Amino acid sequence: MLYFLLQPLARDVRLFNLLNYITFRAAAAFVTALLVSFILGPAIIRRLRAMAVHQVVREGTPDTHAGKGTTPTMGGLIILAATFAPVLLWSRLSNRYVLLAMAVTAWMGVIGFLDDYLKLKQKREGKKNEGLVERYKLAGQVLCGLGLGAYLLLSPISTLPGASTTLPFFKYVLVVPAVAWAAWLYIPWVTFILTGVSNAVNLTDGLDGLSSGLVAIAVLTLGLFAYVLGRVDTSAYLQVFYLRGAGELTVFCAAVVGACIGFLWYNAHPAQVFMGDTGSLALGGAVGAIAILLKSEFLLLFVGAVFFAETVSVILQRTVFKYRLRRYGREYAQKHRVFRRAPLHHHFEMMGWPETQVVVRFWIIGILCAILALSTLKLR
């Protein structure tokens, strides 16, 4: 918004020329996100606490989580406010990359909000806290993925084919369908990525500061990719495809990183608030959407490695348990689980690792994977 209001005045006020630089607007978005978090955070937390919007502690979680039942949840509202306010202020709102990323984040945030709200309502009514019915939640995520995939296929936002993606470590390698009809497979591909990443971040959100820190690392990395791919000179030097307009996603990424760090101020152990599904689904949607828009879905194997491992641990745990339950009986299946507890972070807690140790070590792994992802720009 400020770009369109002040940039035309740059001839008279030279200071406004700074708005032409994505780096300046990204830095401004980051700082604004922090300020919004610090200003609105305490008020939102007080309101959530007054409304008794408390975290639901699931059965079977480590004993150290027993005291978290009084911690307010739905703190993802802080993240959403701290993301959208700076994006609306500092980004070029005519840019389709930014608009699509915002739309996906908002859509997933609404799904998460409904889930958190229904859990609260069911708790007050003395019912089982299941939240939004799983199939309805999945349907909402799938619908979002179908919409994004169809839009990108029918209205490409770059010079690259709509149904295409790139591969890390390869120069100018574009993966496209071999036949025309196969282009429609791009829609379920986008749906799979978006749904998978949003649920992966949701599964990871089980320890104080874990998912917010990992998302900040992942989105910061994707933001650097957006800046590189959005510049003619840098993309040519690194021999990657140029995506006109993609650089504006750097501003969006900076806002998300600032929102995550601002939220981490309140979510660090011992947490004053949890993001709930409102935050985790929204952040997962943002990560997935950015990777899809940058034609860099396979990059998620690096920047989202921890999220991927958490998801695999849950799938493996459930699959093996069901198999052993059917073949050997419940007693054997319960005694011979693959992990002591899934997702993976709970497994390490059950092994005796303190919560903060698990979080910091997972952050370290996330940083190392981010460095590996950045190395793909040069190792081609």
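Glycine too: its Cβ is placed from the backbone N, Cα and C atoms.
Feature annotations, courtesy of Swiss-Prot:
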TRANSMEM  25-45  transmembrane segment
TRANSMEM  70-90  transmembrane segment
TRANSMEM  98-118  transmembrane segment
TRANSMEM  142-162  transmembrane segment
TRANSMEM  173-193  transmembrane segment
TRANSMEM  209-229  transmembrane segment
TRANSMEM  245-265  transmembrane segment
TRANSMEM  272-294  transmembrane segment
TRANSMEM  357-377  transmembrane segment
**Q.** Most Cβ pairs under 8 Å with the transmembrane segment (357-377), selected from 70-90, 173-193, 209-229, 272-294
**A.** 209-229
Q. With an 8 Å cut-off on Cβ pairs and a sequence gap of 6 or more, do the transmembrane segment (25-45) and the transmembrane segment (245-265) reach 3 or more such pairs?
A. yes
Q | Contact yes or no, the transmembrane segment (173-193) and the transmembrane segment (142-162), 3+ Cβ pairs under 8 Å, gap 6+ | A | yes
Q. So which of 70-90, 142-162, 209-229, 272-294 is most in touch with the transmembrane segment (245-265), counting Cβ pairs under 8 Å?
A. 209-229
Q. Most CB pairs under 8 Å with the transmembrane segment (70-90): which of 142-162, 209-229, 272-294?
A. 272-294
(Q) Which sequence-distant residues neighbour the transmembrane segment (209-229)? Criterion: at least 6 residues beyond either end, Cβ under 8 Å. (A) 22-23, 26, 79, 97, 201, 235, 238, 240-243, 246-250, 252-254, 256-257, 260-261, 263-264, 267-269, 271, 275, 279-280, 283-284, 286-287, 290-291, 294, 296, 299, 303-304, 306-307, 345, 358-359, 362-363, 366-367, 370, 373-374, 377
Q) What residues in the same chain, six or more past the boundaries of the transmembrane segment (272-294), come closer than 8 Å to it by Cβ-Cβ distance? A) 41, 44-45, 48, 55, 68, 71-80, 83, 97, 100-101, 104-109, 111-113, 115-116, 131, 141, 144, 148, 152, 157, 190, 193-194, 196-202, 204-205, 211-212, 215, 218-219, 222-223, 225-226, 229, 243, 246, 249, 252-253, 256, 260, 263, 266, 300, 303-304, 307
